[in-house]
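Visitor: Take a look at the following structure, please.
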């Protein structure tokens with residue numbers, strides 16, 4: 001089952017996709033139970049946000065790298081030559097398939113142990129109150145907590161052709177004499193960049 | 001925990017939403033494992049389709065009705081008076097919360113037993129090959145299996161005002177001398193209706 005979990009579909013018909021389906025499910029359940037127990041004060045919505053920001057490709061890739069899974073993957077020739085052993089989606093899928101294989105081999109309790117063995121140390125390093133929130137939300141929550149009027153976002157400049165437009169946005173918080181700028185290919189992303197800059201400025205001064 | 005699982009947020013601050021989060025997760029995991037074992041020939045994509053069409057509000061409401069959960073719900077006055085004990089979302093949420101409570105009380109094995117006790121008999125009554133597929137897909141797969149040219153869909157009439165348009169579509173399978181009609185508020189739904197009628201006609205004659 002370990003071999004199967006590390007076999008990409010490009011290598012053989014006995015690949016890891018079904019195990020990945022299983023592993024994704026057991027992972028979701030183990031993390032839900034852990035968060036439920038660890039954070040009795042969090043609402044259902046906050047638990048969901050936390051979980052979806054923990055159980056994602058990026059995190060799984062980190063674990064796959066810790067375990068040096070890349071060098072153990074069984075990939076078809078094409079994937080091997082094009083660096084498939086470093087591709088995030090392939091690493092994350094193999095990681096999930098591994099959890100699925102442990103569930104089949106050792107039952108739920110063993111799968112739980114394996115998942116928590118990786119996730120609990122990781123959870124201790126992240127800030128659960130900010131995890132997965134975007135910069136505009138973080139900034140807004142910070143200001144509301146201090147009863148400071150919310151920032152205003154203003155488009156300062158736009159440029160580029162229709163399919164590669166660029167936006168410059170200013171984020172202003174007059175009360176704190178803060179004014180930052182952000183740039184992006186959409187108004188939304190420019191606002192996020194500007195909010196990010198303002199939030200970092202606040203973090204440095206508070 | 002049973003009381004908590006049956007308590008809607010309109011009734012008390014100690015309501016069932018966190019348990020529902022937990023129950024949804026354990027339900028997903030138990031069903032994934034069951035489908036994995038029961039259908040070794042199905043691909044990851046087919047397992048996902050099956051699961052999402054099993055674990056949905058409609059199914060959970062059926063179980064809640066079997067268990068007569070409605071009369072046991074603890075609802076705030078407003079919800080009680082407006083018939084909240086019959087509302088599908090409230091029933092389905094309570095059903096999930098119940099699975100969550102069993103997980104906390106008895107551990108994974110007990111939750112698995114409770115979930116499968118309800119789902120396995122239900123699974124025996126559904127056709128896993130058609131579950132969750134729309135009528136156009138079913139019709140297409142049936143015809144492809146018999147190497148019959150695919151149906152053509154033609155708009156026959158449109159009517160109504162902009163915000164309440166109606167479409168009439170014909171589904172024709174010349175090789176089988178089949179021609180059916182469907183009506184809907186969008187072209188898509190009219191096509192599905194027409195496909196549904198053709199599929200039923202085929203089922204009757206084959």
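Just so it is clear, glycine is given a Cβ too, placed from its N, Cα and C backbone atoms.
Automatic, uncurated: that is what TrEMBL annotation is.
Here TrEMBL flags B:24, B:96 as active site. Residues annotated as Mg(2+) binding site in TrEMBL: B:20, B:93, B:96. Look at TrEMBL and you will find B:1-107 tagged as domain 'RNase III'. For B:134-204, the entry in TrEMBL reads domain 'DRBM'.
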Visitor: If you take the centroid of the Cβ atoms of B:20, B:93, B:96, the listed Mg(2+) site, which other residues of that chain have their Cβ within 8 Å of it?
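Guide: The surrounding set, listed in chain order, is B:16, B:17, B:19, B:21, B:23, B:24, B:92, B:94, B:95, B:97, B:100.
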Visitor: What recorded positions from B:20, B:93, B:96 have a chain A Cβ less than 8 Å from their own Cβ?
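Guide: Sorted by position along the sequence, the hits are B:20.
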Visitor: Give the distance between the Cα atoms of residue B:20 (Mg(2+) binding site) and residue B:96 (active site), rounded to the nearest whole Å.
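Guide: That separation, Cα to Cα, works out to 5 Å.
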Visitor: C-alpha of residue B:96 (active site) to C-alpha of residue B:24 (active site): distance in Å?
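Guide: Answer for this pair: 6 Å between alpha carbons.
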Visitor: What whole-number Å value do you get for the CA-CA distance of residue B:93 (Mg(2+) binding site) and residue B:24 (active site)?
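Guide: Just about 9 Å between their Cα atoms.
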Visitor: What number of additional C-beta atoms lies within 10 angstroms of the C-beta atom of residue B:24 (active site)?
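Guide: Here the count is 24.
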Visitor: Using DSSP, how many residues in the domain 'DRBM' (B:134-204) fall into helix, strand and coil?
Guide: 35 helix, 23 strand, 13 coil
Visitor: Per-residue pLDDT averaged over the domain 'DRBM' (B:134-204) comes to what?
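Guide: That region's mean pLDDT is 90.
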